[in-house]
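Asks: Just dropping this structure here.
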There are 2 protein chains.
Amino acid sequence: MGVGDVSKRILLGRKLRSAQLGETLLPKRIALPVFASDALSSVAYAPDEIFIMLAIAGASQYIWSWKIGIAVAIVMAAVIASYRQTVHAYPSGGGDYEVATVNLGRTAGMTVASALLVDYVLTVAVSISSGANYASAAIPAFQDHEATIAVVLVLLLMAMNLRGIRESGTFFAIPTYLFMVAILGMCAFGLVQALGGSLPMAESAGLDIAPREGWEEPLTTFGLVVLLARAFSSGCAALTGVEAISNGVPAFKRPKSKNAATTLLMLGLIAITMMISVIVLAKQIGLKYVDPHELERLTMDGKPVPDGYDQHAVIAQIADAVFRDFSPGFYFVVTVTGIILVLAANTAFNGFPVLGSILAKDGLAPRALGARGDRLAYSNGIVFLALMAIVLIIAFDAETTKLIQLYIVGVFVSFNLSQLGMIRHWTRHLATERDAGERRRMIRSRTINAIGLSFTAVVLVVVLLTKFLAGAWITILAMTFFFIVMRGIKKHYDNVERELAADETDKALPTRVHAIVLVSKLHKPTLRALAFAKATRPNALEGVYVSVDQKDTVRLLEEWDERNTGIPLKVLHSPYREVVKPIVEYASAIRRANPRGVVAVYIPEYVVGRWWEQFLHNQTALRLKGRLLFTPGVMVISVPYQLRSSEIALEREEREEHRVHAGDLRRGRVVGDDRQTPR
Amino acid sequence: MGVGDVSKRILLGRKLRSAQLGETLLPKRIALPVFASDALSSVAYAPDEIFIMLAIAGASQYIWSWKIGIAVAIVMAAVIASYRQTVHAYPSGGGDYEVATVNLGRTAGMTVASALLVDYVLTVAVSISSGANYASAAIPAFQDHEATIAVVLVLLLMAMNLRGIRESGTFFAIPTYLFMVAILGMCAFGLVQALGGSLPMAESAGLDIAPREGWEEPLTTFGLVVLLARAFSSGCAALTGVEAISNGVPAFKRPKSKNAATTLLMLGLIAITMMISVIVLAKQIGLKYVDPHELERLTMDGKPVPDGYDQHAVIAQIADAVFRDFSPGFYFVVTVTGIILVLAANTAFNGFPVLGSILAKDGLAPRALGARGDRLAYSNGIVFLALMAIVLIIAFDAETTKLIQLYIVGVFVSFNLSQLGMIRHWTRHLATERDAGERRRMIRSRTINAIGLSFTAVVLVVVLLTKFLAGAWITILAMTFFFIVMRGIKKHYDNVERELAADETDKALPTRVHAIVLVSKLHKPTLRALAFAKATRPNALEGVYVSVDQKDTVRLLEEWDERNTGIPLKVLHSPYREVVKPIVEYASAIRRANPRGVVAVYIPEYVVGRWWEQFLHNQTALRLKGRLLFTPGVMVISVPYQLRSSEIALEREEREEHRVHAGDLRRGRVVGDDRQTPR
């Protein structure tokens, strides 16, 4: 087989490789669970936040709960309508970041990227903390150890993602659909009981809530507005995760945009139904719910509840009431809720590397993140995400309520910039579009995005006003940090590009090649390096040996003469056992003697397979190479000699190549098992 | 200047470099403190151990203290006499390891090496723990925080050694001589007071010691023997460190061996005088001293001492009594004792890399340890030593008494093997020596070594019997571990050597060189790589570009045509953004098409200077290189392009080269400041 054939086969590589790394496009029924777990799971903590905030002024304010639920639902509907426009306009999957960058410029794009990075960390922290809460509702022994459980869960997720999870549609579909069935089924059953008047009351129904100091009745109008604003902004936690589909359009079956838009609509309907049902039902069972830090405000017959009182999450309390006579129902609801929360956290582990690779492509993140399969960069991202989430979990003692304060800012920053970008997008296109029907559609889309923007802008202002001191400042600080880092990286890449830009003077060819082959012993690797060096026919060729021991030197010289390679051997003396310095000095000296020539330094390298063998070999070669790279006019040639054990490493490398990477599924990629396919 | 001149200058490199890295040979008055701190510092804890052990059967057994001191002194004298033979016979500084290896074979040498490695860790742990004890005697606020102080001290030492300490004779001389003055002065002053009957009693003199259960009076003869044996073996802690000089003979002024032997004698006399004086004086002031874990055995008027009682080290109690009316004297003694203990710990940090390089030369440790200035290997050694010491300190709560149980075994294992080796040495030489005078000297030396062996053998047996369960098993386990690791490394190197041995078939030259230059962009580094590749005149030359993005590819192809380099460009398609795999496959394909040829892969590399810039560049190149090394018939050529920021790294590298390395002084090396010398 000639080289021509080979290169043709590689040029047609797509066919060759499609057996190994294929595309699976997702039908809507699978795409929904793949992208919905994050958005749907927020029903497990968003209603809780509304009740907590209203409870500040006592349980009497719970009359507002369903109205706030409706307000959140309206915002959600507007946002979902907006994103339906986005998936049509930007089917490439760049999501908010792409929309902001294209329409509002680099700074807006970087702001959105910073917000998304922070959000991924918070998605993990919030979802897992909430999950730990549900776990402790189901298993009394876990009570008061929520932070520990959450940390363990994050570490488990990290380990699984480092290892590579072979995600499949089923992996997401079963728990997500079970969650829908569980919540909607529970709500339906509960509402039926309520209509029949047989709905049991919540455990906490008998309690009363003392208002926080300064919030006693009657509230001033201003006080009421503030109270409702806070409850509303906390409830907007329900919107987190709805943007996921806009990043995943390429993974949908054709017609991609249409299917994505339909799925988004379905997602919105389900999420809103769930949320409203949960809020209404919680009110029906007489639930009383306060900030877990202020349990002493819960009173029973005028006295504070005892110290050991454990306040379970809203869904857990509802399940407990609805399934009072059927405890498997309770455990089922709580278990699938916990699972969906963990799954939601996992989406962050998937989204993080995807975002990283997009940022890398634009020069905002280390370029290595852009290539698939850079294990190191990829692992670092996962570990970073997990550690930051753990820091937050420990700092906030796994209290969802507190973490939520940090969460919503980032989400709404990207919502806002994305809507604003979309308005710009339509305006720009309207400037050139002549077709009347098309123009009408565009104007309609722009109106939808404008409505979306006005809602999300109001929410962002409310969130900033009500949550800045409660923790949102941390998010803004973290976003600023990411922003500065990205700007720094971009600036560095730009500088380097300018410094490296080719000009006309870059045509001169070196006049001669002086090759030196490093000799430590006269063994196969050295002989191979000598042979390779000879094959390149340099203008000058010599072996170079650093002598640190008289006896060894004499022995080597004898062997060299015996071999009679026809290549001269230069001996450099190094009385202090230094190896690197004499060689670097010698190479520099050759170059100085002939500034238009190039020095080719051949380094024989052993290739070993086991990790510990690495420490036993090539350390000096590595150091030497690092040092020679700083010497102008020198090129460094590694001539590998594969020891038998290197096969172990080769096999490991190949296994590595076929590993599943987090986020592959939502990027529309799937790795097939090609170990059976002939190579 | 031609290349010939250059190489001559480098061949005469010693002269050139002697200004930079010179030798300073130590006169006896400096050599003594450099090598003595470890041995002398043991007087700060060895007497304490004797009193603790005797106290098991109550304070009445303290009558034995000075006799045990004498017994230890006799063993020390024998050991020192033995080592005086060693420094004459082995002036190369290989010490116990060399003696054992040469005379008893590889296994004995590896056993000694294991013992020494363990000892270095224990030297740090014991000295620093004892130092922390003295610190808490001087500063009441440190009381009960000894372990924390010790850990902090170890971390400080580690940081200093990683950074590189410019050791000088003065660095050792001042504290060591001050220590001698302090201890001997205190003892003299105390004995004068004792003779005059005005010696104050120790704080603890009024206490009584309840015997441990089963050790009540009257003791059986067997019981007494066991008691004395335990006290004696603990007291032998005083011998630790006397072997240091035998490792440092090359650092002495000529005549090296004679001077080393004299210094050893001085060391022995001073150490014995100090130890006996301290023991006698401790008895005179009526000191009562028990295992710090059994403070409840200390009684005052029949009642246990109160909970807060803090038992200070023996020297601290003596200083307190002797300088009762002159507290600066107390603080002076305690401070210099603390300093000398830290200095003793520092010798381990110096000795560890020296031993490592000797082991590396013999193939028992990673070879990189053998070359001077392998920062990574060297730093790893220091960090390893510090961490192991910290583990021990924490595990044993910085209690010197407990750590001593682990310490003595290792020391005496190497003493024994070393003496046995010396006996073999003389016997071997006697077999060929004919000169009568020389033979007499040899027989005398052998007798001295035989006496030394008989003493150290008895001590080893006693130590094993009395201390095995108390902790010596840990040492033996650790020694076994090091032994197995060294044997594994040796075996690996031997296997590799066999696999790499050159034979006659290794003469074939590759028939052709097919060069490919990796192109990511058409910038200066790529152009340089293309020029270098062209200069080597390969049989085939082409650029290779991995296409992951249609637009980028088109742009590059246009630029390529514009430049008109005359080199064809091959485009490899990679729909999934993989870069490494297509190139590796292409290289393998070329090689398969021409199995007797060699594929030269040119990789343009940016050389940047700041550590964080490393993450932003070359990550893919690095991964590619790692992968290509496993492909047979491929050589990998790094063509560096030095960015402006690389100068920062070059300067850092050069600073690094001139750094002081721990142990340089005792290897007779000193680094001069050559930044002023013209280059």
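Counting begins at 1 with the first residue displayed.
The backbone N, Cα and C atoms fix where each Cβ goes, glycine too.
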Asks: Tell me which of B:36-58, B:404-426 corresponds to the transmembrane segment entry in TrEMBL.
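Replies: Result: B:404-426 is the stretch TrEMBL calls transmembrane segment.
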Asks: Apart from its near flanks, which chain residues at least 6 from the ends of the transmembrane segment (B:330-355) lie with a Cβ under 8 angstroms of it?
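Replies: Here the qualifying positions are 37-38, 40-42, 44, 97, 113, 116-117, 119-121, 123-124, 127-128, 130-131, 134-135, 137-138, 153-154, 157-158, 160-161, 165, 167, 172, 175-176, 178-179, 182-183, 186, 241, 244, 247, 315-316, 319-320, 323, 369, 378, 381-382, 385-386, 389, 661-663, 665-667.
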Asks: With the transmembrane segment (B:447-465) as the reference, find which of B:63-83, B:177-199, B:404-426, B:471-489 contributes the most Cβ pairs under 8 Å.
Replies: B:404-426
Asks: If contact means at least 3 Cβ pairs within less than 8 Å, sequence distance 6 or more, would you call the transmembrane segment (B:177-199) and the transmembrane segment (B:147-165) in contact?
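Replies: They do not touch: fewer than three Cβ pairs between the two stretches lie under 8 Å.
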Asks: Under 8 Å between C-beta atoms and at least six residues away from its ends: which parts of the chain pack against the transmembrane segment (B:376-398)?
Replies: 120-122, 124-125, 128-129, 132-133, 146-147, 149-151, 154-155, 157-158, 161-162, 345, 348-349, 352-353, 356, 366, 368-369, 406, 661-662
Asks: Same chain only, please: residues at least 6 beyond the ends of the transmembrane segment (B:263-282) with a C-beta under 8 Å from a C-beta of the stretch. Say none if there are none.
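Replies: Result: 28, 31-32, 35-36, 39-40, 42-43, 46-47, 50-51, 65-66, 68-70, 72-73, 76-77, 80, 83-84, 87, 180, 183-184, 186-188, 190-191, 194, 202, 238, 242, 245-246, 252, 289, 314-315, 317-318, 322.
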Asks: Same-chain Cβ contacts of the transmembrane segment (B:63-83) under 8 Å, 6 or more residues past its ends?
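Replies: Counting only partners 6 or more residues beyond its ends, the transmembrane segment (B:63-83) has Cβ contacts under 8 Å with 46-47, 50-51, 54, 228, 231-232, 235-236, 238-239, 242-243, 245-246, 264-265, 267-268, 271-272, 275-276, 279-280, 282-283, 415, 418-419, 422, 448-449, 451-453, 455-456, 459.
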Asks: Who are the long-range neighbours of the transmembrane segment (B:147-165) in its own chain, taking Cβ under 8 Å and residues 6 or more past its ends?
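Replies: For the transmembrane segment (B:147-165), the sequence-distant neighbours (Cβ-Cβ under 8 Å, at least 6 residues beyond its ends) are 124, 128-129, 131-132, 135-136, 171, 342, 345-346, 349, 379, 382-383, 385-386, 389-390, 393-394, 397-398, 659-662.
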Asks: For the transmembrane segment (B:471-489), give me same-chain residues lying six or more residues beyond its boundaries with a C-beta closer than 8 angstroms to one of its C-beta atoms, as numbers and ranges.
Replies: 110-111, 113-115, 117-118, 121-122, 359, 363-366, 402-403, 405-410, 413, 463-464
